[in-house]
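Below you'll find the structure, written out as structure tokens, and then a few comments.
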Amino acid sequence: MSCDISDYKCADKGLILPLTNEYTWSIGFRAFVYIVGLLYSFMGVSIIADIFMQAIETITSRSAKIKMPDPSNETGYTEVEVKTWNGTVANLTLMALGSSAPEILLSIIEIVGNGFQSGPLGPSTIVGSAAFNLMCITGICIISIPDGIAKRIRNIKVFAVTSIFSVFAYIWLAIILMVITPDFVDLWEAIVTLLLFPIMVLLAYIADKDYCGKKPIDDESKLLELDEENLLNGDHADKHVIVEILRRLKREKEATPDDMARLTAHLMEQNQSHGRGWYRINAIRNLSGGTKLTTTMTGKTNEDQMGSTASFTSMSDGGTKAIIEFAAPSTAVFEKDGHARITVMRHGNLKNRVLYRVETIDGTAVEGEDYISFKDTLVFEPNETEKHIDIQIIDDNIWEPDEVFFGRITIDSEKQNAVVGRRAITEIVILNDDDPGVLEFEHPSFLFKESVGTALVPVNRIDGADGKVTITWKTKDMTAIHGRDYENTEGTLTFDHGERTKFIEIQINDDKVRVLNYFYIIEFSGLVSRITSLTNANLDSLRLQKQTWGQQFVEAMNVNGGDLETATTFDYVMHFLTFGWKLIFALVPPATIWGGWFCFAVSLGMIGLLTAFIGDLASIFGCLIGLDDSVVAITFVALGTSLPDMFASRTAALNEKYADTAVGNVTGSNAVNVFLGLGLPWTMAAVYWSAKGTTFEVPAGSLGFSVIVFTICSLVTIMFLLFRRNLNVFGSAELGGPKIPKILSGIFCIALWVVYVLLASLNAYEHIPGF
């Protein structure tokens, strides 16, 4: 059958597609096929971006050991392991490339595929993605923080630098497109755009290190300069963490070592700070039914695992009833503070007067010994939403482990138009501020004659002597054999309050043979050691890098990476939908090969290939339904490439102590999109056309209008974040804060994004004039 190209709608829009003759297909069917293909490709690019981010995490997590002067150490120095990559530089280079690779590669592929002529899809996707990231994701993060909790950007200097560059990047675009050389980009303009990238990275690094005006420090204080961002926390659990979990679970009779190990890994993950790359990878895996980077609790809820017996309900009968609950599931207070303040909140119906009862319940802390019990009926007056309760803490000078007790809310639902919310019980942790000291052997080795009879090995207690402390020890054979050369192979040693030196007694057998024999004295903890090993196994299973190709295929072929016990229905559905992509991308070399660079190169190539298909799918779909390419770019394509970032930022906002990972990196990423996503392809095209004796043409048109509207909206958004940071009504923080201001702030930011999309779309269709 012959094909009339003049009547073959949208056949000339793609660089690769269509792969087959679609002339006989209806327009509606073709549009359906292309939108399904576009959505499916978004899944694929997300999964390969996961692998790409693994390579980047491997590269940027490389470490080196440095020697710091330490007079207190016998060697005269202390070895500290630090990351080779600075966190700020990593975020603005490889991490930004990892999260923005589809947008950047789309712009490069479009220009190369069009014979080094500018196209509308790449640049508009970059601007549209920046708008969604800055306004919509920021608004979602603001709203997602629990009521009353505020989170600030910690490194405000770096945020200031990246914010200035993110705004200037788009101002610079408007200048070169509409002022200096309208509708053309000279070679020097393209090169300056590209060079702004290393300049921004350099200034952000200077701001991060606070080199400007920083006072010199001595060698000893340099140890303090190595902050938690650069020091390696390690992937394995410490035994004191296990001991704390065991203490909390000692009332749980059915808890197995496996349960304890899983809970320990879960709590360690919840309290550990992670980078933006970690959150993005975890978001993609949650959406695709892949291996999770967090330990999933099974059976009992976390509250049940911790010994809570509360029943929860969130039913408010459509808002007709009030919901009473604690503001936080846990509160920590130092023993010396004298009191613990807990907050009770009311949601839902605020019109009625509500009576409720709050009482304390013993945990490991005992009323009368560790705290003064609280049992009282309290009242929420109409429109009152918060109540603060102070519980007296008893301070003593005896060291003991941190202890917990609980507060519980009860309501007589028959008499009160209210129900208890999900947080019906709150945990109060009393942090002991007495110092038990540190136990150590007096010397690293001891020499005893066989004729000594009983060897006394001194153990000293230094840096504090509060409370009673007991340790367990045992011996380990080397050349000396227990039962033949010595006895007493294990035991306990108890230090009472104030005692500083005790002796381990070991009977030495005299066999009259003059031979020098050795044995060790080591600590052992039985169940603790076993749980430590199990916990480390849990943590090791969550490592980003797979060791072999075989392991990659095993995880690709199994839902939730093979952890079927915790897999949900959603995991099974998404695993089925993405199975093909997972199997294909399991061919990518593991990130453990060549320091991650092999994986980096191969996955980047695959992202580029898949991005080429996405560009064609988006262009042809827009053409089939009558959407302008620029509108398709700022809506479908921008959202498809930014959704993983949205879920990652929201999770980071909830889990991280500071707002840097959630929104602080957005501005830097937006600037990198321009400097690399437009600077690199424009430089390539400008060089090409300069060699031909002409200038690279980039019609401003709707792109110029979109850039100016975005610049105005981004300025408003950044200024609004600064207002939030400095005004008490918003909680003096970028994220969260009081409920009503928080919700209004989020709606305002999201509304700015809607205004940008609406104005840019109307201009593309010439319903409103350009600038």
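Every residue, even glycine, has its Cβ placed from backbone N, Cα and C.
Features of the protein shown, as given by TrEMBL:
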type	residues	note
DOMAIN	310-410	domain 'Calx-beta'
DOMAIN	426-525	domain 'Calx-beta'
TRANSMEM	31-53	transmembrane segment
TRANSMEM	92-113	transmembrane segment
TRANSMEM	125-146	transmembrane segment
TRANSMEM	158-181	transmembrane segment
TRANSMEM	187-207	transmembrane segment
TRANSMEM	583-611	transmembrane segment
TRANSMEM	671-691	transmembrane segment
TRANSMEM	703-723	transmembrane segment
TRANSMEM	743-765	transmembrane segment
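At the 8 Å Cβ cutoff, the transmembrane segment (92-113) and the transmembrane segment (583-611) share at least 3 close pairs (sequence separation 6 or more) and count as touching.
Here the transmembrane segment (671-691) has Cβ contacts under 8 Å with residues 92, 96-97, 100, 103-104, 107-108, 110-112, 116-118, 122-123, 126, 129-130, 162, 165-166, 168-170, 172-173, 185-187, 189-191, 193-197, 200, 697-698 of the same chain, all six or more residues outside its ends.
Summarised by DSSP class, the composition of the domain 'Calx-beta' (310-410) is 3 helix, 53 strand, 45 coil. With pairs at least 6 apart in sequence, the transmembrane segment (583-611) and the transmembrane segment (703-723) have fewer than 3 Cβ pairs within the 8 Å limit; the two do not touch. Sequence-remote contacts of a segment are chain residues at least 6 beyond its ends whose Cβ falls under 8 Å from one of its Cβ atoms, and for the transmembrane segment (158-181) they are 88, 92, 127, 130, 134, 189, 192-193, 196, 200, 203-204, 207-208, 660, 664-665, 667-668, 670-671, 674-675, 678, 695, 698, 700, 703-704, 707-708, 710-711, 714-715, 718, 771. Over the domain 'Calx-beta' (426-525), the average per-residue pLDDT in this prediction is 74.
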